[in-house]
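Enquirer: Below: one structure in structure tokens.
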Amino acid sequence: MNNLTAIVLAGGQSSRMGQDKALITVQGVPLLQFVCNIAASCADTVYIVTPWPERYEHLFLPGCKFLPEAATQGPLIGFAQGLAEVKSEWVLLLACDLPKLRVEVLQEWAANLDSVPEEAIAALPHHAKGWEPLCGFYRRRCLPQLLEFIHQGGRSFQQWLQHHSVQVLSLPTPEILFNCNTPEDLAVIQGEFDDLSPNPSPTRRGA
């Protein structure tokens, strides 16, 4: 899929985590850097929408551009701000706290965007709680409807999406949508990665 733009949202308060989720490291890599590097493997341009670009300037983010957010007003408004900069037909929207995100899944989804019905404004995974709005694709032309919804006081992705046609993306493994919202979530993901690490070589007798 050519001419794809990505938007990564890094404007949350991280109140439940107690620290900036974007800077939490998993296997030594900050989450924002991890997500942006995957986004850059799928998209020509990656925008990072955040009120605090200075927090993240030290990260290794090749090909990424910061879009300073005026204030933390929620992901829907952050997305609208980023979408206003997009020139491509499709945009990949990602949260910054997806430690199990897999580039091959995103690339497969992107490769099939040409088959999404014309009336659909988005292509997203769906689960028991509804749409997963922060790991999927949107058509640029949805911006006017999005702005109208926001101007009417809307702030919920779920409420906005229920008024529009959305294509369901097949989810090969639900775990890629796992996000780190709490210290308990972080402990789970770090424990799983630790379990995947190779065991240290046993010390030889007499060494």
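Each position is counted from 1, following the chain as shown.
Backbone N, Cα and C atoms are what each Cβ position is placed from, and that goes for glycine too.
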Enquirer: Return the residue out of LYS21, LYS87 that Swiss-Prot annotates for the same GTP site as LEU9, ALA10, GLY11, ASP97.
Expert: LYS21
Enquirer: To see if you understand the setup: which same-chain residues, six or more apart in sequence, place their Cβ under 8 Å from that of ASP97 (GTP binding site)?
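Expert: In sequence order, GLY12, LYS21, ALA22, ILE24, LEU31, VAL35, ASN179, CYS180, ASN181 meet the Cβ cut-off.
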Enquirer: Find, for the listed binding-site residues LEU9, ALA10, the residue with the lowest Cβ contact count at a 10 Å cut-off, counting only other Cβ atoms.
Expert: LEU9
Enquirer: Go through GLY11, LYS21, our binding-site residues, and report the one whose Cβ sees the most other Cβ atoms within 10 Å.
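Expert: Checking each of GLY11, LYS21, the winner is LYS21.
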